[in-house]
Amino acid sequence: MADPAAEEQGYQAGELCCECGQFHLLPDNHLYNFQDEVDDELICHICLQPLLQPMDTPCGHTYCFKCLENFMQEYNFCPMDRKKLSFQQCHKSSLLVRNLLDKLVVSCPFKAECQQTMQRCELEAHLQNRCPGFKKYKSELQRKKNPVSKGKEDPPVKVETNTPKDPDVPSAGSSLVAESSAAAVVSLGTAEPGLVNPAFEETEEDLPQRASLVAETSTIEIHREDPEEELGMRIVGGKDTPLGNIVVQEVLRDSLVAADGRIAPGDHILEVNGVNISSVTHCQAVSFLRHPGPVLHLMVLQEKGFSNKTAQQDSTSATNREVIHVTLVKRDRSEPLGIKLIRKTDEAGIFILDLLEGGLAAKNGKLSRNDRVLSINGQDLRQGTPETAAQIIQTSESRVNFVVLRQPGVQLLDPGEDGSTSNNSSSSSSNGGSPVHHRRRLDQNHYRRKSTYQKDLPQGYVTHEKTVAIKKEPKESLGITIGGGRDNKNKLPIYVTSVQPIGCLFRDGKIKRGDILLSINGIDLTHLNYYEAVSALKSNAASHSVVLKALEILASDSTDPSLDIKERGFSWSPLWITWLGLPSYLHCCQDIVLSKGNLESWGFSIVGGFEESKGNQPFFIKTIVPGTPAFRDRRLKCGDEIVAVNGVPAIGMSNSELIPMLKEQRNKVTLTVVSWPGSLV
């Protein structure tokens, strides 16, 4: 916790709090340095710190008075179970609970001058009457207010504010609570327990512009002509993972969900056909979402980004706007649409500047000048750039699905009248050519997970390495199909997608679908791309004898029937949760460097980390906030594992250790991540 004797000069927030001896905003809870780990039953599941002025809800949960009061100003449900709730229904916790909390042992925050420990309820009296550090602070503060001379002064007190929490509960949408109780709320605008946006550190400069993380719940109907058609999205999470909720990782191009345009990566799926899936396992969620039917009703929580005055004004006029879905069909991949796209200087997003006469869009007649592009083929462009939109259009096979927002009566300025029109780097065209400035090429620096980054298998997973030696006819096929490869987007190892009933491996019976292939006749397969692996398997299959080494991943819920659900229309691939059991030496890492301004948040939330009750858990990206550095970079995805920060391994760290490390990175941070493909539904 903060050490006021080691803090930076000129802290702008004023004097230390006389009750806890630390700097915090007036509406926020007091901050304490607890000596021992506090029982989870005494933790507030909004700020994830020991309770202050505890309040009980009718549904049996307990929160800090200030945390609950702030939360209930925006929402009418309990943060834990989302049951309907009003603040008037809540009451003070029992005297027994309050006494237990008051007796928690804390240390004096002035560690340099005072090493005393005491009960929490005794700290205020200690600071006022006995603490030499607080006495020194007050005398120095008094001397600054009434300087005797203009000569050289003693160095002022330095205060450190990189505490593992920000107890302020902002005006934000709250999603369902993750199972992990060790995650902490430290971000501006994060009201979700278990959700961390770990890079925003408040200063007085921020307060006039204080923004909230805006989220809203929507009900979406997906209609299918073929009741068994895939939705076309990948999901991660589940109550059996640190993520807790089910989160959309990716929307596939030209899919049913992409054509609808309302679901985007990062959305939390709360209900499927009226069934609450907030507390189901990953496999159960996959089963619900793959269930065939002509209509699918989804309730999703969607984060909209940080609000500000412009956004609030924009929302007041939203009633005059309409959302329009337009599908343009190209005769071939290279056919231009005839659309000029720009970015405005005063409003986020991409807008249609012009439709070229005779072009595909102009002939279609449904798009108009000044339409704001919300998504193309399911790719969220609410905070996107014209370059990104042009790339999506150019790589589309045939159907290009637009979702646009239209406000009648507003036209864009002609080129040259505004600094952000087609003459600058914000403009782009979908005519098949390159945008004025190419989108930054993604860093493809992938490498094997280092020994210092390696971890034990998560609880519930066991791996079994097996060696299969087969005598066969030279022309006899192995009879397997494979997937993965290090050229895959996620740099996967080679795995078995099917065992055909005609080959020698089916007859042997030891190799199964989902097995990771390690080597064949001594040739290492773990570093090969797909085509190299196919070539190695074919050439060695010509031998009279084959020795195949493989790895089987066994999960505690491997008997779940959803594991055997065929991905209709797609070749089979393992579920996302299966990859979590892959040994570290087979992982491929990627270093992602993010940069931001002084007043920005990194824009992602994390869950996981070490807990006494659960041991070491990986850190996962849970949410990526629109309009932030993490969102604009486009490489981080929900469900990615954070392996290291600036080269420091995250393995073994608790949430409260990793968060300050991320907050300390002011303008640049290097995240080492491992990414697994979400389960296809």
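Glycine too: its Cβ is placed from the backbone N, Cα and C atoms.
A TrEMBL annotation is a machine prediction, not a hand-curated record.
Summarising the annotation, TrEMBL assigns domain 'RING-type' to 44-82. What TrEMBL lists as region 'Disordered' is 142-174, 411-458. Here TrEMBL flags 150-168 as compositional bias 'Basic and acidic residues'. Per TrEMBL, the feature domain 'PDZ' maps to 219-304, 325-408, 467-552, 591-677. Residues annotated as compositional bias 'Low complexity' in TrEMBL: 419-434. Summarising the annotation, TrEMBL assigns compositional bias 'Basic residues' to 436-452.
Across the domain 'PDZ' (219-304), DSSP classifies residues as 14 helix, 33 strand, 39 coil. Broken down by DSSP into helix, strand and coil, the domain 'PDZ' (325-408) contains 15 helix, 30 strand, 39 coil.
Across the domain 'RING-type' (44-82), DSSP helix (H, G, I), strand (E, B) and coil residues number 8 helix, 8 strand, 23 coil. Secondary structure counts, DSSP: the domain 'PDZ' (591-677) has 15 helix, 31 strand, 41 coil.
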